[in-house]
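Feature annotations, courtesy of TrEMBL:
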- 29-468: domain 'Major facilitator superfamily (MFS) profile' (DOMAIN)
- 27-51: transmembrane segment (TRANSMEM)
- 63-83: transmembrane segment (TRANSMEM)
- 95-118: transmembrane segment (TRANSMEM)
- 124-141: transmembrane segment (TRANSMEM)
- 153-174: transmembrane segment (TRANSMEM)
- 186-206: transmembrane segment (TRANSMEM)
- 303-326: transmembrane segment (TRANSMEM)
- 332-353: transmembrane segment (TRANSMEM)
- 365-383: transmembrane segment (TRANSMEM)
Amino acid sequence: MNLYQENAKLSLDQLIEKRCGTGRYQILALSILVFIDLNDGCELILMSFLMPILKSEWQLTSLQIQVLTSIFYLGMVLGSLLTGFIADRKGRLKCIYISCIIQFFMANSFLVCTNFYHMIFARLGYGFVYGFSIPLTTTMISEITAPDVRGRFLIIINFFVSVGKIYAFLLAFLCLENFNQGNWRLMMMLSSITSLIVGILSMIFLMESPRYLMASGQVVNGLNVIEDIIHKNQNNTGIISKLFKSVQPEISSDPFKGSKYGYISAKERIAIEKWVTKVFRSEQRGTMKELFNKNNKSTTIRLWIIWFCINFMYFGQLLILPFILGSKKKTFVDYLTTVLGEIPSIILSLLIVEIPFFGRKNTMTISFFCATIMHIWSYYASWPYFFARFFMKECWAMLYPYSTEIFHTSNRTLGFGSSCAVGRIGAAISPYILIPLFEQEAHLPFLAFAISSIISVISTCTLPYDTVGKSLDFQNSDGEVESNKEDEIKEIMMVLIEKKNQN
C-alpha cells in the first residue's frame, strides 16, 4: 500500500493530533482567550450588582429594573446571532480582537450614564458586544486542539467564567459599600481593562483557525497555519511536555507546493483536500438552513430548548440573589459563597469529560436532574443555593463542548451563537417572571427554576448521541463522514492526477 492510500482517510483532526500535538501554541491561545471568558463572567456579576444600586440611587421602579435587565440580554441575543453570520464568513481571529476592543469602549460608556435612558443604550450596546464575543473563544479553541484534549480545554475556558465572577467580587469589594450603594462607575471602568489587553495580545500572537481556512477553500493557507503550529510546538519542555503529548516535527522529503516549513507532504495535502471536499461539499457557510437540515434539525431544536432553560436558571439566579441577600442584610461574602459552588463542579468536569460512560450527554442529564432536586430544596431552605450552583455549572461545563463539537466548521459559530441567542431570550424574560415571583414570596423563583430543570432533563435525554471522542466534522453517529458516488469519482480523479504527476 502506497503512502497516499495509507493517508487516504486522513482528517484534519488526525493531522492536528499526529503532527501538531498539544504544545506552546495551544497553551498560548488558551492563556489569551480565557480572559475573554473571565471578563464575561465578571460583567455578568457586575451587571447584576448594578440593578439594586441603580434602583436605590436613581429611584427606579420595578418595571424599569426589569427593562434594564432584559435590554442587556436582548443585546446579547442580537450579538450572539450576528457573530455566527460574520465569523463563519470572515473568520474567527478578526472578530475576536475587534469585539474585544469595542467591548473596552462600551464598558467605559457607563461613565457618562446619568439617567435611565442613557443606561438603556449603554446596556443594550454592551450586551450586544458581550453576546458577540461569547461563541468565539470556544469555536477557536475547539478548532486548533486535538480530540484527546479538546473537552478539557473547553471546560477550562468555562472555568474562567467562574474566575471572572470572583474577580468581579474583588472589584465590588473595592468600589461598593454594599448591595445598594457605591462607586459603580469606577467598578465598570476597572473591569474594561482585560478586554483591551486581550484584543491587543490576540492581534499580535494568534493565527486564524486552520479549520475555518480550509472550510472556506483556503487549503494551502490552512496547511501553512498547521505548519506554524508544528513549528511553535517543537521541543516542548517543562510542564507542557509532562502534561501533554509532544510530537517532534520531521521535514518531509516531498513537501506540498507552497509549504512554509516543509513539514507536510504533497500526499498529505491531497488527502486533506479530499477530506475537505467530502466534508464541506454541500454546506453553505453561516446559514440557518444548514442548522435545520436532516442531520441537524432535531439536535438544533433540543439544544435551543436546553440553552433557553439553563440561561433562565443560571442568569435568573444571578439576578435574583442580590435582591434576596440584600433583603436579608447579607454581605458580598454570602454571595461569593454561593458562586464558589461552581468551582468543584469544574474540577469534576475535567476528570470525567473524556470518559465515554459519562461524557457530555450523560453528565448533563444527571446534573439537570440533581439541579431539579436542589432548586426544590432551595424553596424551603437557603443552604442548597451552593449545590444548585454546583449542578448548574456542571451542565454549563458539558454544554459548551457539546454545542461546539456537534456543528460543522462551516456553521459552528452560527450553531453555537444561535444557541446562545435563544438562551439569552430565556435570560431576557427572566426578570419579568422572577421579580414578580420574588415580590410575592422571596424563594418562589426557585420553583420556576425547578420546572426549567425538568424540561432540560427531558431534552438532554433525547439528544441523538454524545460527541466525546468523535471528529469535529462528521455526518453520522458513528463519527464517520458519509460518502457518495460523487466523492468516489473525485477520489479516483485525485489518485490519477497524482500518478500522472509522478510519471
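Using N, Cα and C of the backbone, Cβ positions are placed for all residues, glycine too.
Against the transmembrane segment (27-51), stretch 153-174 has more CB pairs under 8 A than any other of 63-83, 95-118, 124-141, 153-174. Counting residues 6+ beyond its ends, the transmembrane segment (124-141) has Cβ neighbours under 8 Å at 26, 29-30, 33-34, 36-37, 40, 43, 71-84, 87, 92-93, 95-96, 99-100, 102-103, 106-107, 109-110, 150, 153-154, 157, 206, 209, 400-401, 403-404, 412-413, 416-417, 420-421, 424 in the same chain. Put simply, of 95-118, 153-174, 186-206, 332-353, the stretch with the most CB pairs closer than 8 A to the transmembrane segment (303-326) is 332-353. Note on the domain 'Major facilitator superfamily (MFS) profile' (29-468): its mean pLDDT in the predicted model is 84. Sequence-distant contacts of the transmembrane segment (95-118) (same chain, at least 6 residues past either end, Cβ-Cβ under 8 Å): 33, 36, 39, 43, 58, 60, 64, 68, 83, 86-87, 125-126, 129-130, 132-133, 136-137, 140, 184-185, 188-189, 191-193, 195-196, 198-200, 202-203, 206.
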